[in-house]
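For reference, the structure discussed in these notes is given below.
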Amino acid sequence: MKPHFRNTVERMYRDTFSYNFYNRPILSRRNTVWLCYEVKTKGPSRPPLDAKIFRGQVYSELKYHPEMRFFHWFSKWRKLHRDQEYEVTWYISWSPCTKCTRDMATFLAEDPKVTLTIFVARLYYFWDPDYQEALRSLCQKRDGPRATMKIMNYDEFQHCWSKFVYSQRELFEPWNNLPKYYILLHIMLGEILRHSMDPPTFTFNFNNEPWVRGRHETYLCYEVERMHNDTWVLLNQRRGFLCNQAPHKHGFLEGRHAELCFLDVIPFWKLDLDQDYRVTCFTSWSPCFSCAQEMAKFISKNKHVSLCIFTARIYDDQGRCQEGLRTLAEAGAKISIMTYSEFKHCWDTFVDHQGCPFQPWDGLDEHSQDLSGRLRAILQNQEN
């Protein structure tokens, strides 16, 4: 027997979906929250649960929020199937509010047989410290099952369009800047949840052998400091990592380099123009010519921000890439090669090392010395 569904709809109209799931990070007048859900069961016996939609208002009483409506319904279902394990997936226009987030964490802590994956179109009050802490509490895994939260990318929007929209068999047409907004929100969520890189990803991509092969991605780790009483103070909430977006991934037809993704997110930090900041980047490859030009423009226009770049390897250090690095240095950026100290710092700060110390690879120091000499020659405009 199924419990009765209340306050649900089967599908939404196309304009309703496009309006409410539009993923620009800062939006007004989107006060209705749409929650599309799917419930799957583990094991050979799978009760036929239908995917449906809850909706509610942002500023209404908590019990009318779609997240709470879902759990009210789901709790009734659980009473009929206490021994079953469930995988619940949400696709939601706004991430849950602080109170909903805390109640969700309590529910999941009390029912370890339920796992919840949340795909969000936008982040609600992502700048609020209390909200950030609530999200971390919901998504942390150390003390037992919790939720997994991700930003909706093209694939999730396409899935919702096919599953929850009266699409009349028309294909999903992404709006302008969908992939760019996805990257911005992905980076901001990573900052909030303090995502860490897995050790193999770090050691593979940051290996500093000068002529290494098969490293086609650029990883960029970053941290931000603010000057206070003549001392640089680390801003823990402004720390994270990202990588370039390959062509045809997450809706990027032409791809987007890590440095440009990083520049996209800085305006959302809302750095105080009357304060001095130092941004430090640790990159697996040095910037290409175009990215170096854009980074130079940024620091030229933002005099309150200084930029330090430590790179593991030099990308195509012939021709225009050399010119780009010189332009970036002339604009005021400090460019250096990563040494053991920087590799260890990245390992300790950005990697989920599980308490294991950083183990340098063979040739690390020799490669750093060689690359440092080549970088000096490039910046001094000397022939190799």
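All residue numbers here begin at 1 and follow the chain in the order shown.
Backbone N, Cα and C define each Cβ position, glycine as well.
According to Swiss-Prot, the feature active site, proton donor maps to Glu259. Taking Cβ-Cβ distances under 8 Å and a sequence gap of 6 or more within the same chain, the neighbours of Glu259 (active site, proton donor) are Thr218, Leu220, Thr283, Pro287, Cys291, Ala292, Glu294, Met295.
Residues or ranges marked as domain 'CMP/dCMP-type deaminase 1' in Swiss-Prot: 29-138.
Per Swiss-Prot, phosphothreonine is recorded for Thr32 (among others), and the stated evidence type is experimental evidence. Residue environment of Thr32 (phosphothreonine) contains 16 other Cβ atoms, counted within 10 Å of its Cβ in all protein chains.
Swiss-Prot lists Thr218 (among others) with the feature phosphothreonine. According to DSSP, Thr218 (phosphothreonine) sits in a coil region rather than a helix or strand.
The region 'Essential for cytoplasmic localization' annotation in Swiss-Prot covers 1-60.
Mean model confidence of the region 'Necessary for homooligomerization' (209-336) amounts to 90 (pLDDT, 0 to 100 scale). Taken from Swiss-Prot, the feature region 'Necessary for homooligomerization' applies to 209-336.
Residues or ranges marked as region 'Interaction with DNA' by Swiss-Prot: 313-320.
Sorting each residue of the domain 'CMP/dCMP-type deaminase 1' (29-138) by its DSSP state yields 41 helix, 34 strand, 35 coil. In the region 'Necessary for homooligomerization' (209-336), helix, strand and coil residues by DSSP number 36 helix, 44 strand, 48 coil.
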